[in-house]
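Quick notes on the structure that follows.
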Amino acid sequence: MTIERVGVVGAGQMGNGIAHVFSLAGYEVVMTDVSAEALDKAVALIERNLDRQVAKGAATEDEKASAMGRISTTPTLTDLGSCDLIIEAATEREAVKTAIFEELVPHLAPHTILTSNTSSISITRLASRTDRPEKFMGFHFMNPVPVMQLVELIRGIATDEETFRACFEVVERLGKTAATSEDFPAFIVNRILMPMINEAVYTLYEGVGSVSSIDTSLKLGANHPMGPLELADFIGLDTCLAIMNVLHDGLADTKYRPCPLLTKYVEAGWLGRKTKRGFYDYRGETPVPTR
Ligand code: NAD
């Protein structure tokens, strides 16, 4: 199966990164969002990020110009009907994703592969709400997409081999590395990463260490490039809590219970970098621990 034209639904932090790497790899990209502002911002951000790659020598001016020329945007979801591959990267709410697939499916060619970039929602359940569960997969990029090497590929119970192979080849053409995960809550990366972050929050909650001692311990003692609390702020504490809830509900094991202190930060609206406060306060020159 030849994939040339790729539709990206949702132009937020993940959607713009996905459009960026696909266009740079030579794919035609059509991006849509319910927010016209998000589409404009995404195109401007892709251009800035490509400029940065040119400055570092990772791409040429010509490659940047051709990549920008291959990206188009539309406010109309059904304009993505002519794409060979769809990557849904809209807000992490099942009802939003299901509504997108329901509207899009009648406009797709029979060969079109449908995928979701969801961090946690069941691929099998999302697939069952479409007309093509055998051509449906999880295509999970990491944030920031142009920088992170891994893509998790998740088969739903019905995904066929041809669909999996086609997505695997796409990952290779992007110059990234695929890891395959079965469709269980939070897949592989977040199944392992989130309980570690949650345990770091428990370590803080129980007074075993302060924010800086916990982050310094994991950076210097386990050679992690970022401490777990710093990383939680980068991901977004609301996202961390949502994933812990998916693990807790989906696996029905108390070892995944979200730390009450994580819940408290989210209830305060202290969601990390995006709201300028989380385990660190980012409102000044340098981040200051909040505990
Ligand atoms: P985001 O909030 O930055 O962007 C979501 C975008 O979806 C917004 O621009 C919003 O306007 C748009 N949207 C909402 N409803 C829509 C609809 N009906 N049609 C079209 N567009 C719609 O979120 P994000 O961080 O980019 O996350 C997107 C997806 O990627 C989620 O499923 C999330 O779980 C997943 N993901 C996120 C990360 C991360 O670190 N943030 C990492 C991997 C995967």
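Each residue, glycine too, has its Cβ placed from N, Cα and C.
Together with GLY10, ALA11, GLY12, GLN13, MET14, GLY15, ASP33, GLU92, LYS97, ASN143, LYS274, the NAD(+) site in TrEMBL holds one more listed residue from SER72, SER119, SER122, which is SER119. Comparing C-alpha positions, HIS140 (site 'Important for catalytic activity') sits nearest to MET14 among the binding-site residues GLY12, MET14, LYS97. Each residue of the domain '3-hydroxyacyl-CoA dehydrogenase C-terminal' (187-282) gets a DSSP state, and the totals for helix, strand and coil are 65 helix, 4 strand, 27 coil.
Ranking the binding-site residues GLY10, GLY12 by C-beta neighbours within 10 Å puts GLY10 at the top. When averaged over the domain '3-hydroxyacyl-CoA dehydrogenase NAD binding' (6-181), pLDDT in the model lands at 97.
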